[in-house]
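Listed in TrEMBL:
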- Glu375: active site, proton donor/acceptor (ACT_SITE)
- Glu636: active site, proton donor/acceptor (ACT_SITE)
- Glu1011: active site, proton donor/acceptor (ACT_SITE)
- 116-409: domain 'Peptidase M14' (DOMAIN)
- 401-670: domain 'Peptidase M14' (DOMAIN)
- 662-1045: domain 'Peptidase M14' (DOMAIN)
- 1-15: signal peptide (SIGNAL)
Amino acid sequence: MKGFLFLGFLMAVSCVPMRGMKSYDNYSVLRVIPHDRESLVEMHKFELSHPELDFWKKSSMVDMPVDIMVSPGEKSRILEELHQAGFHPGVIIPNVQSLIEDQKLAPKGSRMAWDAYQSVDSIYEWLDTLPSLYPGIVSQQTIGTSYMGMDLKLVRFNKNPGQQKMAAFIDANIHAREWITSATLTWIMNELLTNPAYERILDEYDLHFFPVFNPDGLEWSQTNDRLWRKTRSDHGTTCRGVDGNRNFGFHWNEGGSSSNSCAETYHGPNSFSETETSAMAEYIESNMAEFDFKLYLNVHSYSQLVLLPWGYTNTHPSDYTDLIDVAHIMESALEERYNTQYTSGSVPDVLYIASGGTFDWTKGAAGIKYSYGIELRDRGTWGFLLPPSQIIPSGEETLDGIVALLDAIYEWLDTLQSLYPDIVTQQTIGSSYLDKDLKLIRFNKNSGQPKMAAFIDARNFLVSHADIHAREWITSAALTWIMNELLTNPTYERILDEYDLHFLPVVNPDGLEYTQTDLSMPRMLCRGSAVSTRFVLSVVAEGGSSNDKCSEVYHGPNPFSDVETIALSDYILENMPRVDFKLYLSIHSFSQLILLPWGFTETHPDDYEELVNIASGGSIDWTKGDAGIKYSYAFELRDTGFWGFLLPADQIVPSGEETLDGIVALLDAIYDWLDSLPFLYPDVVSNQTIGSSYLGKDLKLVRFNKESGQPKMAAFIDASIHPREWITLAALTWIMNELLTNPAHERILDEYDLHFLPIVNPDGLEYTESIVSSCREFPSACFHFSFGSVDRLWRKTVSYYGSPFGCIGADANRNFDFHWNARSRDCGGQECFVRVKISCVHWFLSSAVAEGGSSEDMCSDMYHGPTPASEAETAALSDYILDNMSQFDFKLFLNLHSFAQLVLFPWSFSETHTDDYDELVRFSSSEFVNAQHHMHVSGYKCVMFLFVQMEVADILASALEERHGTEFISGTAPDTLYEVAGFLAIAVIASGTSIDWAKGVAGIKYSYGIEMRDTGVWGLLLPPDQIIPSGEETLDGLIALLDAVRERSL
């Protein structure tokens, strides 16, 4: 996409009051739709370079419209720029003024009605009458004054005030030009007071309305400038006014707002600089103890959205599942009456990053759990200029939504525990990786009696775990149906009397939410592991799980590496002394099987015959082998393949019925399972957190050091510095498991001190697993999480350094503090050349200016960061090695990457070779020319490069190749790597890399990188069946490398 033409001037911004209403005659609203990420980046650049334009809707995601109002004088220029950038703008409003003319205010002194928009004075006069008209319900107070001295009026509806009720706070018109918001809210208030159908709402809820949040701005938009958005405060800056919805003191000024006082999103000189925002915040804070605020709703227009926190970040609140469930209820109610389609999601997910917003503050600071925003009608035909005829329909559907929202929250609070207080208790046994609660429900009638206990989960793990494999929706549906049936059907009263039942209906809430918000079907957790394989089980031959992070059966970097599995196992183990667990049942789909332990081996448990007489395993191996629950089973529910994982909803009840029958039959017989690695290898394995990632995730270092009493050579091996290279983590964890479990490798544990950092970049790795390539499902990824490979192919960390385009992350393998951001290579006063590759063996030389192999562009995949070691991850790795050099005899550093099948060694930052290069690989331009392998291609003399491999690298490459015949090439990065450029490829310089740092700073002589399989058929997307072969050959290479390095070191 071509860049925008910058014409050298900006339109002057008018900031002084005008005599009479500003005319928008022949102003147009253009609509542009970015259809890919490149165009989305260009649109952001366009926004930043045109502060004079009024963006009614900004770019936020691929295929989402961008609406831009332009004056007649600038229309042709803007259209030309958009066309030259590759966009195809359309005109959705040809003349803004014509729509404004349709919005005449009601005459002064007329009765309050909703067939026209009302002035601020008219609205206030009506509000003043309400307490006297409805004295037992309505009260009013002034909670502050605006910048211009207007009252800020709060109206409360509280019938029977002596009763304890759930309270809600609802406001409108924080943005002045959104007239429909106060019109809708006042219509709703009138409807609640005058329509007997809503008497129940007044009886049950305590409602606090703030219908005109920004009276100064609203009045200005009615008398001077119809499209005014901000307050009218004067802070001594160029332009007046602050965006009240960027001014709240919770993560204020952290993105999506502006420090330019003339910008529509100016956040103010400081948080709560506006009297309006501070008054509202003080009212809520001062009354939290008295009023039971459970709901906050902030009313906006336009777009037809239900908005959830957070607005300041792409990260969701820990209780996002609760919030989105309730939002969907509201969304359905909004749509029902007129089929007005709404979309729900966090602000970045459906709009853009916006910090300092109201409902971020009400949730994050005031603690109101259910905090929402709503963007009313429409989606652009009228935009902010909705005609008066839309007021009542908008009010009707919004009232429907508010009533549904109030009821849903109330019902959510009224849990099973309150319905069945003598039977049901609930507790949170832990949090998922994304901080969602893991909710354990216990049915224990007559709890003082000793009973046999059962743990049942739905495709997770633990007593009763559904959805341990997120895509198996039927499991949670069936299990919750079973729970309801047990509580409501008298037939099963005996079961409640005789058994102590522990249910974990959703073991994998992160994955389950992901499958419900995206069409893909991950079996893995966001971390990428299949939860049940974290326990060790399978009814297949040895293995049955994978080290490949990309694999559907990836078992994780180590046992219990997922917080979900830890929480489940901890719950069972901690309760074993007082709870008589005799049965564990894990529910999966599909296949119609009953699975028994063991899953990790074809060998049967000693009591297999007894088990099989009753029924058969995943987490079931652990519950039997470690927790000692003898009768441990797994159910694979309907069907045998016709629907597979996509069982239709009408199968839920039949599936639940037959599964309940099976559970009842199993209650008298059950199993246990196997050990976790940390307990299996106490004399070999130790774990240590060496730091935290940018998002606070632990950086976990695992050390294999079997006590021998002898000094050992130490090696440091890492993976997943580039998160999209899933095979590196999969292979490394497979290698770790193989070293611990295969007696053939016992010598390695005896002779070497091995330090593994399997996940250098956990934030980025999560990002590749929780964001897929469709920005439509995860638009926040397109906005806040950078532009580039924002998906399965994400390469960088996720740190944020204030990119004006919302780009995040640095390439950690360009961030090490050794020749960081090297800008050129020494050509000895001669002309520099780059080698251009045109086939696997044919090259030509071309003169060029050498770059440093990293980028200063924050949006680049090779952005080197603002400073060396700016990334928490690279700093932690560096500190660990440097801090331990005197204690550990580090002789080898190995950094795993993919793909290309290469063995790499320093230097990467320059074509100059290391002093000990002769020990590594002999490679110089004169040798290439003297090799006399020439041919002509497109007029250039081509050279086939000969690689004379150094002894140790040759040993490593040979070992890598031996088992499966996978051919590897050895050399420095500039000698072997290249970037694709059409049909050509240009040799790569790469500065700030880990292997250069390990050799140049830490002094680890033998520092290598391996680019693993393959050479391009799958590339970065190596299928799971390549994990074990890749692990096998890499382990062969590692052993050969360890032995060779030790021999030469001695």
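Every residue, even glycine, has its Cβ placed from backbone N, Cα and C.
Annotations in TrEMBL come from automatic prediction, not curation.
Straight-line distance linking the Cα atoms of Glu1011 (active site, proton donor/acceptor) and Glu375 (active site, proton donor/acceptor), rounded to a whole number, equals 49 Å. Mean pLDDT for the domain 'Peptidase M14' (116-409) in the predicted structure: 94.
Long-range neighbours of Glu375 (active site, proton donor/acceptor) (same chain, six or more residues apart, CB within less than 8 Å of its CB): His300, Ser301, Tyr302, Ser303, Gln304, Leu305, Leu307. Its own atom aside, the Cβ of Glu1011 (active site, proton donor/acceptor) has 23 Cβ atoms within 10 angstroms in the protein chains shown.
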